[in-house]
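Undergrad: So Swiss-Prot has the following annotated:
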type	residues	note
BINDING	Gly81, 84-85, 91-94, 109-117, Ser121	5-phospho-alpha-D-ribose 1-diphosphate binding site
BINDING	Gly81, Asn112	anthranilate 1 binding site
BINDING	Ser93, Glu227	Mg(2+) 1 binding site
BINDING	Arg167	anthranilate 2 binding site
BINDING	Asp226, Glu227	Mg(2+) 2 binding site
Amino acid sequence: MDIKEALNRIVGQLDLTTEEMQAVMRQIMTGQCTDAQVGAFLMGMRMKSETIDEIVGAVQVMRELAAPVRFDTDKLVDTCGTGGDGMNIFNVSTAASFVVAAAGGKVAKHGNRAVSGKSGSADLLEAAGVFLDLTPEQVARSVDTVGVGFMFAPAHHGAMKYAAGPRRELGLRTLFNILGPMANPAGVRHQVLGVFSKALCRPMAEVLSRLGSKHVLVVHAQDGLDEISLAAPTHVAELKDGEIREYSIQPEDFGIKSQSLIGLNVEDAQGSLALIRDALGRRKSENGQKAADMIVLNAGAALYAADVATTLKQGVEMAHDALCSGIARDKLEELVSFTAVFKQENQK
């Protein structure tokens, strides 16, 4: 099937099979389609709504064409969201990565610059001084030594360049917002995945189950956030041992007070970084303490997904201790220093 046939199908509200989606994605990601065709396909898929079969096929092609990062362990965890929630909250999942590492987890973080928001994970880390242009081997060394490694999506998904223009020009969430978090080049099988709609929670868990994931929490908060929220109940679809169960959680379940998100919005990466440094440090401001509470909730979920903690509650307790110890703040600075060495190596 070529993209013209696919466009005719989706305009008629007809779904593609997994194999048909794979064929179209290979055409897109090998530069065989025009920008107009790619843009039309992305908008058509959004208007039709992507099926599990379609998403599975698309992720398989992204993984197939990615530059892999190889590890000796399968206990790696990723924390990321689809974006597109329109909330412009600070980079919660990226901040949570340092708390997870401080508590003994290993984070293979996969991310990009902002598409529809104010600050993507790459924007934040770059603002902090983290060198992003790492080889796969350097990412692996970073995870082994620091506990956190960042895989800049464009460096590992070179074929994505063929969709970058249409995505940027559309400025809306598209199929790729859904695909990106599931196309981690390290092949992580433990994950906290935030999604922009409750309706996506179970389908994404089913997709990841078909793709071989072991323990995943797919989350969407009642206030619209693609993270575990401090301000509202969060719906969770948990994949564990091949079974999916759904439930709702709220901050009080973990001894944390529900609070509004006012003060957690940021205008850019520098604003996000300042709030995160306060949250991971001495929490001098009310917003810093509030951000810390939200980071702890999300880091706790990642520790549970990574099987470092045996329950979600234990994960949150471990995250709280790691943040309050100051080790999480040190992990951020350690990553900056560690990647600076790679920058010097790569410039020789």
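Every residue, even glycine, has its Cβ placed from backbone N, Cα and C.
Quick one: where do these features end up spatially?
TA: Cβ neighbours of Gly111 (5-phospho-alpha-D-ribose 1-diphosphate binding site) (same chain, under 8 Å, six or more residues apart in sequence): Cys80, Thr94, Gly120, Ser121, Ala122, Phe150, Met151, Phe152, Ala153.
DSSP assigns Gly81 (5-phospho-alpha-D-ribose 1-diphosphate binding site) to a strand in the three-state reduction.
Annotation note: Ser93 (Mg(2+) 1 binding site) sits in a helical segment as assigned by DSSP.
There are 21 other CB atoms within 10 A of the CB of Arg167 (anthranilate 2 binding site), with all protein chains counted.
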Undergrad: Specify the count of other C-beta atoms within 10 Å of the C-beta of Ser93 (Mg(2+) 1 binding site).
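TA: Within a 10 Å radius of the Cβ of Ser93 (Mg(2+) 1 binding site) lie 27 other Cβ atoms.
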Undergrad: Indicate the candidate from Asp226, Glu227 with the smallest number of other Cβ atoms within 10 Å of its Cβ, considering only these binding-site residues.
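TA: Among the binding-site residues Asp226, Glu227, the lowest count of other Cβ atoms within 10 Å belongs to Glu227.
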Undergrad: So for Asn91 (5-phospho-alpha-D-ribose 1-diphosphate binding site), how many other CB atoms are inside 10 Å of its CB?
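TA: Excluding its own Cβ, the number within 10 Å is 29.
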Undergrad: Radius 10 Å, atoms counted are CB only; among the binding-site residues Thr94, Asn112, which position scores highest?
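TA: The largest 10 Å Cβ neighbour count belongs to Thr94.
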Undergrad: Gly81 (5-phospho-alpha-D-ribose 1-diphosphate binding site) has how many other Cβ neighbours within 10 Å of its own Cβ?
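TA: Its Cβ shell of radius 10 Å holds 28 other Cβ atoms.
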Undergrad: For Asp226 (Mg(2+) 2 binding site), identify the closest of the binding-site residues Asn91, Asn112, Arg167, judging by Cα separation.
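TA: That would be Asn91, the closest of Asn91, Asn112, Arg167 to Asp226 (Mg(2+) 2 binding site).
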